[in-house]
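Chemist: My structure is below; once you've seen it, I'll send some questions.
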Amino acid sequence: MEAHQHSPDSSSEECTVLEAAPSKNSCLQHAGKVADLYCSACECALCEDCLPAHEDHPKVALSQALEQHRSRLQERLGAVQNRLPQISDALSLVSEILQQLNNQRASIEEDIQSSFEDLHKQLDVRKSVLLMELEVTYGLKQKVLQAQIDNLTRGDGDITATCTQTEEALAEEASVATLEVEHELEERLKELAILRMPCQPEENDQLDLVMETDGLRKSIHNLGTIVTTSAVASQSEAMGTGLEQCIVGHPASVTIVTRDKSGGACKTGNAILSAEVFTPDGSIVDGEILDHKNGTYEFVYTVPKEGNFSLALRLYDQHIKGSPFKLTVTKASEVEGSSDGTKRRGKSPGQKKKGSKRASSALGTPRRKTQNPIEDDLIFKIGTKGRNKGEFTNLQGVAASSSGRILIADSNNQCVQIFSNEGEFKSRFGVRGRSPGQLQRPTGVAVHPSGDIIIADYDNKWVSIFTCEGKFKAKLGSGRLMGPKGVSVDQNGHVIVVDNKACTVFIFQLTGKLIAKFGSRGNGDKQFAGPHFAAVNKNNEIIVTDFHNHSVKVFTTEGELVLKFGSNGEGNGQFNAPTGVAVDVNGNIIVADWGNSRIQVFDGSGSFLSYINTSADPLYGPQGLALTSDGHVVVADSGNHCFKVYRYLQ
């Protein structure tokens with residue numbers, strides 16, 4: 001059969017079909033066919049040859065299906081792209097947490113090295129003391145025994161020599177010539193016969209070492225603990241009636257349950273929690289957080305004024321589930337009269353009802369003539385709510401320097417602001433964070449005689465030391481402090497730290513060495529319940545405001561109670577949670593009465609003298625308080641987000 005020949009440039013219909021560009025809507029099942037329908041059930045394009053297999057399936061035009069698919073894809077693209085800012089924020093937050101974790105690791109490593117170096121030094125010092133004590137004790141005993149040996153040796157020599165001479169004399173023939181010598185020997189023998197010799201030991205050989213190492217070894221074995229928790233804010237939750245309502249002037253509580261990322265309950269404590277009750281204008285109430293050490297915590301707070309508030313609960317600076325919560329604060333009489341069974345939260349019949357008078361006392365406008373107010377007036381006030389210079393958010397501690405400066409611990413703005421005695425803004429410093437040199441929640445501030453600025457950082461659980469220009473120098477108390485609130489400086493230049501959370505007062509050298517500590521949680525004379533601030537009088541005694549015990553206590557630097565005054569109430573000399581405290585040149589004690597929103601003045605023995613007249617511009621939840629170098633009283637008016645300076649007649 002003759003083969004069919006093709007020239008090189010000739011082409012057949014078959015070749016033409018194979019080389020032609022396929023249609024963009026070509027059917028994937030049937031070559032050369034164009035798809036113009038779309039099966040919604042099978043989600044595929046259909047040509048005319050595909051129709052029998054999809055006869056009962058819903059179908060739409062392919063162009064419509066493609067348009068709908070593109071529209072859905074665009075929507076999903078937009079939805080996913082909208083997640084990018086959230087992911088970016090989360091990435092920044094987690095990166096910041098990781099950086100803080102790295103910084104904390106480095107800081108703790110430094111603390112461990114420093115602590116053990118200090119322990120080595122202490123052990124070397126103790127070793128030297130013991131060796132010195134050994135040499136001194138041995139020397140005293142050796143001296144006594146050696147002296148006795150010398151005496152006995154001399155006595156033995158004298159007796160032996162005399163006896164030898166006598167024996168030699170007796171061996172010779174008696175004569176007039178030997179008579180005189182024998183008389184001398186006889187007298188000598190008489191003396192030796194009655195000579196008192198130290199024949200009984202005048203010292204013993206006891207020289208023992210008592211080294212109680214078992215307890216020390218156990219302490220060393222358990223020395224130091226790396227504290228952490230797996231709690232996260234997004235899973236942690238709060239419960240209790242204090243989340244929604246409370247009564248003016250009555251303690252309310254909220255229970256916080258911490259959970260890990262999977263929602264499992266945490267079983268250990270030491271999580272870093274913060275809580276605030278605030279109005280739309282800002283924070284006014286701190287309260288006290290109790291750590292039950294089992295993963296649950298209790299926030300106890302008291303609100304001095306009725307109204308609608310917000311309760312913010314944060315874990316590691318992040319809101320927990322549901323936070324912030326809406327809180328309604330009512331008078332006791334309103335709750336007692338309600339029909340919802342909440343009457344039990346009102347006052348008992350035997351107690352004085354304060355609800356009807358709370359408004360005036362909480363605003364700091366006492367009007368009773370029997371209080372004999374000192375005619376002091378407001379000189380000026382500085383501040384509004386905000387984050388700029390001269391603006392504050394929950395200012396706490398106050399200090400005044402001898403160089404005419406007023407220092408304010410601006411707690412929620414994580415900085416310290418400095419003003420002149422006349423209220424002129426000078427400077428501010430502070431960077432938010434949990435690394436050394438950063439501030440997380442500055443609550444107390446003091447000025448050292450050297451000019452250094454000392455800051456209590458509640459959330460970082462240490463005290464930071466800065467130069468007068470705001471340059472970080474050192475930190476102290478890390479690993480020891482649980483929640484430092486107030487700081488002061490005694491006449492020896494030691495740093496007094498009031499640990500609100502531990503209910504303890506610590507005394508440190510500026511180098512960070514712990515000198516002494518005293519106090520524990522409770523209502524005893526030497527105990528505290530949420531202590532806030534401290535001042536030091538001319539006797540170098542430490543004056544501490546005991547917040548929840550509604551009293552002021554004065555101690556020696558050894559922790560011995562010297563004086564206690566105050567009780568819960570609105571009368572002269574009574575307190576509703578005292579906060580700031582200062583001492584004037586005459587030894588009078590000036591106290592900020594937080595819940596009653598006033599400033600009271602007492603003499604050095606705790607007797608009420610008067611109050612500073614604040615009626616022209618009432619206080620709202622005053623915190624820190626100090627005396628300026630020109631003799632005025634400066635107070636942190638926390639609820640009004642400003643500080644005020646009053647004339648003070650000493």
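The backbone N, Cα and C atoms fix where each Cβ goes, and this holds for glycine too.
Curation does not apply to TrEMBL; its annotations are automatic.
What TrEMBL shows for this protein is this:
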- 63-118: coiled coil (COILED)
- 344-357: compositional bias 'Basic residues' (COMPBIAS)
- 22-62: domain 'B box-type' (DOMAIN)
- 333-377: region 'Disordered' (REGION)
- 228-329: repeat 'Filamin' (REPEAT)
- 379-422: repeat 'NHL' (REPEAT)
- 426-469: repeat 'NHL' (REPEAT)
- 470-511: repeat 'NHL' (REPEAT)
- 515-558: repeat 'NHL' (REPEAT)
- 562-605: repeat 'NHL' (REPEAT)
- 606-649: repeat 'NHL' (REPEAT)
Chemist: Helix, strand, coil residue numbers for the repeat 'NHL' (515-558) per DSSP?
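Modeler: Once the DSSP states are binned, the repeat 'NHL' (515-558) shows 0 helix, 22 strand, 22 coil.
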Chemist: Using a Cβ distance cut-off of under 8 Å, indicate which of 228-329, 379-422, 426-469, 470-511 has the most pairs with the repeat 'NHL' (562-605).
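Modeler: Stretch with maximum Cβ contacts: 228-329.
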Chemist: What average pLDDT is reported by the model for the domain 'B box-type' (22-62)?
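Modeler: When the pLDDT values over the domain 'B box-type' (22-62) are averaged, the result is 87.
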Chemist: Near the repeat 'NHL' (379-422), which same-chain residues lie under 8 Å Cβ to Cβ, leaving out any that are not at least 6 residues past its ends?
Modeler: 276, 278, 281-283, 428-432, 438-447, 451, 453, 455-456, 458, 466, 470, 485-487, 533, 580, 617, 623-630, 632, 634-638, 640-647
